[in-house]
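Shown next, in structure tokens, is the structure this report addresses.
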Amino acid sequence: MLAQFLRSLFRFRKTTVSVLLVATYVVVFLLNVWDRIRYQYSLPEDNKHHKQLLDASWIDLQSITRKPHPYTSRENDAVHDFLLHRVTELVEGAPHAEVSDDYKEGNHLVFKQPDVFNSSSTESRIVSFESSNIVVKITGSQPELPGLLISAHFDSVPTALGATDDGVGIVTLLALITRYAKKQPRRTLVFNLNNNEEFGLLGASAFLNHRWRPLVDYVLNLEGTGAGGKAVLFRTSDTNTASIYKNAVKTQPFGNSIYQQAFYDRYISSETDYKVYEQAGLRGWDIAFYKPRALYHTIKDSTQFTSQASLWNMMHASLQLADFIAFESFEDEPKDRSPAVYFDIIGTFFVTASTKDLFTLNCVVLSVIPVIILVLEFVIQRRKTRERNPLLVWLRLPFSMFISYLVTATFRSSLFRVNPLIFSRDYVSPTIGFSFTFLILNYLVLSLLEYLAPSRDLKTVSFVELFFGMWIALLWATIRLCTSKYTATGVYPITVLYLLMSFGAIVGLVCSAFKRKHSVVKAKDSEETAAPNTYSSIEESPQQATNTEAPNENSPEEHDERAPLLRASNSSQVSSVTNVSEAPSSALKAFVVSALNYDWSVQFLAVVPLASFFVIMCLSLILDGIYQTCQEGFQATWNVSKISMLGGMLLAIPVLPFCYKLNYFVSMVLLFAAASAGIFSFERAPFTESSPLKLRFSQELNLHDELGFSTVNVFGRQGAGIEQILRNIPSTQNAHSNVECTSNGQGSETCRYAGPRPHLVSSSSIPELSDILSIKVLSNNRKSSGRSSYEPINAELVINVKENRLCTIGFNSSQFAEHDYGQSPVKQVTIFGNAHHDNRTRSQLSTLDGLSRDDEENRIFKWNRGINSLQLHKLDFERNYYHVGIQWMPTILSQDADEESSDALGLKIRCFWGEYDSVSIINGEVKRKVPALDELLAYSPKEVSFSNREAGLVIVNDYIEL
């Protein structure tokens, strides 16, 4: 009985392969689901201290997310004051703690801000910024040790409440301050609760100007680029910092260096404060929420759509990491500062390695394993254990994969034409459709070829072919590692898959090389037809596949996978094999010969589960992060669909050597799953309330527009029905306003209509636009007879603007356009501390690039390579002006000057307002500040969400010429 059971269990037959495949997919699926939801069941119920921290943090989160609070709003000041009160309260009585408030201390900086999204950009943007960061210092008992900066930002965008971005990070900082105010750490910790991250990462830049900046060498940045879920280790500086995270975060570590490479390669277009700190020389960790993108920066970024489980997930990881750095000793060798490869395994294990070590490993396995394969092939050829005329067998898998790829690619192209935005709602269905379509087509082609010409070599030949395919992929990945200076931290899955395919190929070749030569088995049982004995595992012909009964006890027992692993003691069977050498006489040799026939089970169990798990783990992480970027344009949609298709095919590839052994039932299940996934992908609506269409709003007014139109701009994905949405709101229906949509040529469009005017400021009467914004030129010596034609031109102006915190000035001339061509003639800007013209400043101009101050503490910034734009921020709503000076060079000094060139300088002035969830009092009546946005939120379908397009919701424009 045992012999018959083992014979049936380990036989290379359709039922066994099918059961193992189904079991593999079920286990991998359950592990993936558990990894996704596990954090929801990990609240600190048994730890009183942690529970108190969590409860207090949740109350704090609710307090700071009552309203949107961008830097440009008064609510931003309310959040600042609340946080200042909280940290002062938390550190009270702690002699090793100190609080600094940039608002009171007047941290005003003027600096040239590099383009954090494009390191090769030559654009020169000068920023004048008044900071209101709250900085807390916890002095360590060993302050000589390198300190740790922990940072998060408390501003939100104008359209969001800022719960995940970045309220959770802020209240996590409050929890950490609570802990270390009571328990002094060894290292000094500095907490930067910074303001105005959303529009320029300016709060982080302001910290670099703070007196406590020299105390820290490490940084932990907490961010939210999604809305809830789990917080991931986006990136870390190097192998040392990755190892610190590994040693610190023992409970539910979560991170993957695939995301890190996406930042390196600029596939992720947004940035976090971590970039500023990294450029300043700090090393550390960037931990952030990363999905779903469609709720990010919308009104649904609120406590209603996140949870205490998400809060605890970020808080617990931060506590573990901060505790380790604060209290433990660790090595930080300079030699281990190459970029790191890292990933977690279902939140239980964390693996990290140097990319240089990965490069070395790749070089070794690229060289050694092919030699092993070739040696085994040579042995097989010498021993003649391979069947004759193998060329057609070697062509089967490439032919099958080619046909399957063509059909799968056609499926993807059709989906891209019919329902391209389905990925924004659900990437799982298309990916399953791609994967199972590819698998079932390979099954059909390979099964047909096997039926027409049975082969005993197909499985191992397939592994060898897949090995060489992965060899090419690994060669590319290794070259990529080298050429990227080891920043390609996301290529490690190729190494893993290469090693797995290599193992499968080597096992098959070893078993083939040391088996007996080709022979024919003669079975007395009429139910067993003659079959070759054995190269690799004996593979049934289609006629044999239907016969699953065990052979008669009196029939000969073959030395193949149908034999039991251990012989029965009373066995009296004899071999009836022809054309073979004498059977092994010893029981050990007989066992080895018999065991060699079970190579298929070793191959399957080692390759398919591990490869499937690894592919699903990496693919789900990638698609989780990018699937809703398909709303950003044609190219983004194409990229998401391509990754989904290639990932689905990669999931099927480890099964290909075995797929022709799937039975009818499983093949029909796969076919049904592929068809169902395809139908869902084609027919379902791409947007739902939980996965909405994300549109971006702005409203613009031009100061000298005689008609006084207030233009509402709605930006979004072309083909998503934006025009129809806008035609169904009261403003366009009642006033018969025309909706005009223009494409940007890349899959996005901007639709415009005349909307209700905003009410930006309170007034006793209906204010004119010129009452809100006006430009006054105080001086301009361009046409002065006292100025030499070779002398720089100087001008001063005041921008009078009410209840405002942000204006920008873009420069252009006859030879220069702000973002298009030429070098700006503007070489110097001055930020005056008052609104009054003062000629004394002109004689004190700096001759060096950079920032200087005059006797009146006016800030002067000089940049001889040209200044493209000036960004002006201020904190005081009651100071209704910006006073600036501008110096530019006459065209006569330009090599590109011509007769039509003019010395005139054009100024495009834009001022931004970011409040909408508040009111103004106009002529005694209560008016909502931005009724156009209120209208869109009220009357748009529930499947639509809105975010801001610009730094403010309302922009007032003016243009003057100096």
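The backbone N, Cα and C atoms fix where each Cβ goes, and this holds for glycine too.
As recorded in Swiss-Prot:
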type	residues	note
ACT_SITE	GLU197	active site, proton acceptor
BINDING	HIS153, ASP165, GLU223	Zn(2+) 1 binding site
BINDING	ASP165, GLU198, HIS297	Zn(2+) 2 binding site
COMPBIAS	531-554	compositional bias 'Polar residues'
CARBOHYD	ASN118	N-linked glycosylation site
CARBOHYD	ASN639	N-linked glycosylation site
CARBOHYD	ASN812	N-linked glycosylation site
CARBOHYD	ASN839	N-linked glycosylation site
SITE	TYR296	site 'Transition state stabilizer'
TOPO_DOM	1-14	topological domain 'Cytoplasmic'
TOPO_DOM	36-359	topological domain 'Vacuolar'
TOPO_DOM	381-390	topological domain 'Cytoplasmic'
TOPO_DOM	412-431	topological domain 'Vacuolar'
TOPO_DOM	453-460	topological domain 'Cytoplasmic'
TOPO_DOM	482-489	topological domain 'Vacuolar'
TOPO_DOM	511-601	topological domain 'Cytoplasmic'
TOPO_DOM	623-639	topological domain 'Vacuolar'
TOPO_DOM	683-962	topological domain 'Vacuolar'
TRANSMEM	15-35	transmembrane segment
TRANSMEM	360-380	transmembrane segment
TRANSMEM	391-411	transmembrane segment
TRANSMEM	432-452	transmembrane segment
TRANSMEM	461-481	transmembrane segment
TRANSMEM	490-510	transmembrane segment
TRANSMEM	602-622	transmembrane segment
TRANSMEM	640-660	transmembrane segment
TRANSMEM	662-682	transmembrane segment
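DSSP places the residues of the topological domain 'Vacuolar' (412-431) in helix, strand and coil in these numbers: 15 helix, 0 strand, 5 coil.
Long-range Cβ contacts of the transmembrane segment (461-481) within its own chain (Cβ-Cβ under 8 Å, at least 6 residues beyond either end) map to 355, 358-359, 362-363, 365-366, 369-370, 373, 390, 393-394, 396-398, 488, 491, 494-495, 497-498, 501-502, 504-505, 508-509, 603, 653, 656-657. With a 10 A radius on its CB, GLU198 (Zn(2+) 2 binding site) counts 24 other CB atoms from all the protein chains. Geometry remark: ASN812 (N-linked glycosylation site) versus HIS297 (Zn(2+) 2 binding site), CA distance 32 Å. Listed stretches 15-35, 360-380, 391-411, 432-452, 662-682 were compared with the transmembrane segment (602-622); the greatest number of C-beta pairs under 8 angstroms is found for 15-35. Using a 10 Å Cβ-Cβ cutoff, HIS297 (Zn(2+) 2 binding site) registers 27 neighbours. Distances between the Cα of GLU197 (active site, proton acceptor) and those of the recorded positions HIS153, GLU223, TYR296, ASN639 are shortest for HIS153. Applying DSSP to the topological domain 'Cytoplasmic' (453-460) sorts its residues as follows: 3 helix, 0 strand, 5 coil.
For the topological domain 'Vacuolar' (482-489), the number of residues in each DSSP class (helix H, G, I; strand E, B; coil) is 2 helix, 0 strand, 6 coil.
Counted over residue pairs separated by six or more positions, the transmembrane segment (391-411) shares fewer than 3 Cβ pairs under 8 angstroms with the transmembrane segment (360-380), which leaves the two as not touching. Each of the glycosylation sites ASN639, ASN812 was scored by other CB atoms within 10 A of its CB, and the lowest score goes to ASN639. Same-chain neighbours of the Zn(2+) 2 site beyond ASP165, GLU198, HIS297, judged by a C-beta within 8 angstroms of the site's C-beta center, are, in sequence order, SER156, VAL157, ALA160, GLY162, ASP166, GLY224, TYR296, ASP301. Taking Cβ-Cβ distances under 8 Å and a sequence gap of 6 or more within the same chain, the neighbours of HIS153 (Zn(2+) 1 binding site) are ASP166, GLY169, ILE170, LEU193, ASN194, ASN195, ASN196, GLU197, GLU198, GLY203, ALA204, GLU223, ASP273. The stretch from 360-380, 490-510, 662-682 that makes the most Cβ contacts under 8 Å with the transmembrane segment (432-452) is 662-682. Taking H, G and I as helix, E and B as strand and the rest as coil, DSSP gives the topological domain 'Vacuolar' (623-639) the counts 16 helix, 0 strand, 1 coil. Outside the transmembrane segment (490-510), and at least 6 residues removed from its termini, the chain residues within Cβ reach (under 8 Å) are 257-262, 341, 343, 353, 358, 361-362, 365, 369, 372-373, 376-377, 380, 459-460, 463-464, 466-467, 469-471, 473-474, 477, 480-481, 536, 599, 602-603, 606-607, 610-611, 614-615, 618, 650, 654, 657.
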